[in-house]
């Protein structure tokens, strides 16, 4: 498959499909135990699919544009079409948006999902470390993204988790987008490679040296890189306050 494709709109109904990793490979089953498969149900019964990742036993992080009135999270999954014994399906009690989330610009496209109960941490379900508030993922860094999104613009979603290696590039490459701010976002994906994220991958993590530095946020309609990821480090103080219940 090519690279990770982004979920570009707000929420896509399941009948429309959701996109996945482009230019990547199928992940080794349960090798990324922090990954979460997020389902958001609309008032009309449509289901939007996003990625997410476990940052504390009772909290999953995903993109703000993936949030909705009724949500469930599946942890410990590799093939989401199967009932794997490792899976834990938990309803979302509530979602917490940052005070400065901007719907139109997608700045601060991050949300915390508080689960109705704590996840049972196992070899297939575990938390991922976050960066420090001053940690700044820099251009040239090689990172990994993963998700269940489409493998191509005209292809269906993937039932198994896929991953792709992506390079952080300079902010100049993301000037093609109407809204981009390097202090809040990360520009990811080289134009010389057929690798990126797309619909259905939204909300998934960007891991650099084992640390979650970004969240799949938005990209181009043709699925060509670069793509925009929300930068996590500026939100770490807020994240810590939410987890502590402050």
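Numbers run from 1 along the shown chain.
Backbone N, Cα and C define each Cβ position, glycine as well.
In Swiss-Prot this protein carries:
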- 1-18: signal peptide (SIGNAL)
- 21-244: domain 'Peptidase S1' (DOMAIN)
- 50-66: disulfide bond (DISULFID)
- 65: active site, charge relay system (ACT_SITE)
- 109: active site, charge relay system (ACT_SITE)
- 143-208: disulfide bond (DISULFID)
- 174-187: disulfide bond (DISULFID)
- 202: active site, charge relay system (ACT_SITE)
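Overlay of Swiss-Prot feature records on the structure.
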residue	record	DSSP class
50	disulfide bond	strand
65	active site, charge relay system	helix
109	active site, charge relay system	coil
143	disulfide bond	strand
174	disulfide bond	helix
187	disulfide bond	strand
202	active site, charge relay system	coil
208	disulfide bond	strand
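Per Cα geometry, 187 is the residue among the recorded positions 65, 66, 174, 187, 202 nearest to residue 143 (disulfide bond). Checked against residue 109 (active site, charge relay system), the recorded positions 50, 65, 66, 187, 202 differ in C-alpha distance, with 65 being the nearest. Counting only the Cα atoms, the space from residue 187 (disulfide bond) to residue 208 (disulfide bond) is about 14 angstrom. If you compare Cα positions, residue 66 (disulfide bond) sits closest to 202 out of the recorded positions 174, 202, 208. The recorded positions shown are 50, 65, 174, 202; of these, the one with its CA atom nearest the CA of residue 208 (disulfide bond) is 202. In space, 50 is the closest of the recorded positions 50, 65, 174 to residue 202 (active site, charge relay system), judged by Cα positions. Here the Cα atom of residue 65 (active site, charge relay system) is found 10 Å from that of residue 50 (disulfide bond).
Between the alpha carbons (Cα) of residue 174 (disulfide bond) and residue 50 (disulfide bond) lies a span of roughly 23 Å.
Its Cβ placed at the centre, residue 65 (active site, charge relay system) has 24 other Cβ atoms within 10 Å.
Summarised as a single figure, the pLDDT of the domain 'Peptidase S1' (21-244) averages 91.
Counting every protein chain shown, the number of other Cβ atoms lying within 10 Å of the Cβ of residue 66 (disulfide bond) is 28. A simple way to gauge crowding: the CB of residue 143 (disulfide bond) has 22 other CB atoms within 10 angstroms, across all the protein chains here.
Cβ-based crowding with a 10 Å cutoff singles out 50 as the top-ranked of the disulfide-bonded residues 50, 187, 208.
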